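Chemist: A single structure is presented below for examination.
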Amino acid sequence: MHSIEHIVARHFNYALEKTKDLPKSINNEITNEIIILKDYQYLVSRIFIGLSELNSLLLFWDTGYGKTLTSVYIMKHLKLVFPQWFFVIFIKKSLYVDPWLNTLSKLGMKGQNIKFVLYDSSSSLKQFNVLYRTIISSINTKNRILIIIDEVHQVISRTIEKSSSTQRNFLSIFNKIVKLANSENNKLLCMSATPITNNVLEFKYLINLLRPKIIEFKEDFIVNNTLKNHEQLKNGLISITSYQKISEADSFTNTSYTEGFASKNIFYHNVTMTPEQSNIFNIADKHDKKSALGGLKTMRRLVSSFAFYDIKIKGSMSQIEYNKMVSEKLNEFKSIIGNFKFSNEFIDIFRNNDSFSNAKSSEIEIFDKIKQYSCKYIEACKIILNSNGKVLLYEPLVSFEGISTLKIYFNIFNISYVEYSSKTESTRDYNIDIFNKYDNLYGNKIKVCIFSAAGSEGISFSSINDIIILDLPWKESDIKQIIGRSIRLNSHEELPIEKRYVNVHFIIASTIDGKSVDKEIFDLIKSKQDKINVLNSFMKVISIEQIHSKYKYAEPVENEYIFNNIRHTKIDDVNENNVITKIIVSPIYYCSEDNLNIIYNGYLDKKTGIIYSNNIPIAKLILDENNIYKFFIKDDKLVYITKSIYE
């Protein structure tokens, strides 16, 4: 009797046989260039197109792997299965022109029964409600619908309840998407490099979107960072994902250059505030502890970036009054600096950490003044001036304690820049085009692109050598998205091989007595990530790629049947009694079979071949044909090769 996994693989081969005549290339109708799909794009497209009953799929692909191109290829060729399709595409407003309209235009799909819904636009969502009623009233055998959700984690974050007693306004939209996607013969294609960003509850919503009512996933299904009743869950959720990663490493780990993808090097810059900035931080600390928003560390985060004489509290002021106060403070700061610019001689002294003894007293005075307000901005300027190429700088704060004052520092240091934020909506796409041009390959025309959260997803930069993260986001997934703006497939191909790297700089500010909101946020990020990593590993195991590679030569089925059975069979409640007992372990060096360049420290249970890190089972050793664990020697270390704990 075959396992469900084997039967699913036979269905994949049925789909591949059915779609064997689909072209692997697609024509760019603007440039007449022939675009060749990557093997993974072609494989997943054919399986999703060829299996009518595989109605939902998540493209869990790293940034830069071509999710948009693959989606449009699927749209173009679904007519192989059925001639009449209507497409509803959910996206962020900032992704409408690029990549979506541009990709659709290039591939000859613009305007062909396509409706965009901007999930961060209230007017667009109202239009979707009208569209939904029209679709529901007219669903018939003559039309089918493909729903595409780009950055699906954004939709889930807008849906998920903030507490057990509250529901989000977006929930009704979410439920309508689920109903449409699971109407007979319709399909759903979701996309994200980081489908789970904050907690396990997001996985519950993701399952309810892709395969609704099959299980009510709970956080306590993960015990000691191990997924309970893994096989039951695997059989019920099998093949809801396609999984492609540059590396299994997290955002804080160095990665080597691989074909098409730049290497990543992590640097931490610990900087100390001046006594003046430290004093304002302590005032902000007291304010945050009293404030209802203190848990968000709001005021401390602001003054860690820029502290000008006092903290800016809105209090009972109206928004107009508050904006006026902030504007006055900004003008006051500008008046202190005026149009001052450092000389090239002073910039060289600063860049090289040379003594200021030979610098002009007027320049030293200005330098001491601006350093007094922000140790972070000073460090960012030094990183930029020492960079050999173009620089991205992420700063989510747009107004006073953020981009507005940062740009003044850049002007003083004669650093050229463009801005991509909510305040530059009319010009930002043009700015990115200029920044990415070949004649700016090394930043000789425009050195820096400052971008806020508006540019943290969806947009692409080319030939970046340094990223500065000035203010940390709350989630590791957001950091991954930020880094992913610059490390994309072929993003560095115009640079020589030795320049195909990205240095990622985290600037961590502390007061003179060691207080640091940046360190607090780092600790919070890392504490959230363990359970998310368990689910990410699970999604790899149930992916199309894992199953197909295991049973690549399985005989195709004659007709589809398995996915309707799976979708309508509820997974039994997961056994609550799985517990982890104490075990004896030994220190070990290991690496993943997917990337032999990154070596980790762990602890091995010799009885089971399972490796642990921080009491978490994270990998298991691989046996060769002689039943001996695979290993190699590197730098006098015995390094064992491992695979996922769930394989």
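Note that Cβ sites are derived from N, Cα and C of the backbone, with glycine treated the same way.
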Chemist: Of the ranges 150-153, 250-253, 350-353, 570-573, which one does Swiss-Prot list as motif 'DEXH box'?
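Modeler: My reading of Swiss-Prot: the motif 'DEXH box' range is 150-153.
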Chemist: Give the sequence-ordered list of residues that share a chain with Gly64 (ATP binding site), lie 6 or more positions from it, and have CB atoms under 8 Å from its CB.
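Modeler: Long-range Cβ contacts: Phe261, Ser460, Gly484, Ile487, Arg488, Leu489, Ser491.
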Chemist: I need to check the long-range neighbours of the motif 'DEXH box' (150-153): which residues 6 or more away from its ends have a CB within less than 8 Å of a CB in the stretch?
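Modeler: Hits for the motif 'DEXH box' (150-153): 58, 67-68, 71, 89-92, 95, 100, 190-192, 194-197, 202, 206, 209, 457-458, 477.
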Chemist: Tell me whether Lys67 (ATP binding site) sits in a helix, a strand or coil according to DSSP.
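Modeler: Assignment for Lys67 (ATP binding site) reads helix.
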Chemist: Specify the count of other C-beta atoms within 10 Å of the C-beta of Gly66 (ATP binding site).
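Modeler: Taking every protein chain into account, the count is 22.
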Chemist: Are there residues of the same chain, six or more positions away from Thr68 (ATP binding site), whose CB falls under 8 angstroms from its CB, and which are they?
Modeler: Pro99, Trp100, Thr103, Asp150, Met191
Chemist: Are there residues of the same chain, six or more positions away from Thr63 (ATP binding site), whose CB falls under 8 angstroms from its CB, and which are they?
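Modeler: Sequence-distant Cβ neighbours: Ala193, Lys480, Gln481, Gly484, Arg485, Ile487, Arg488.
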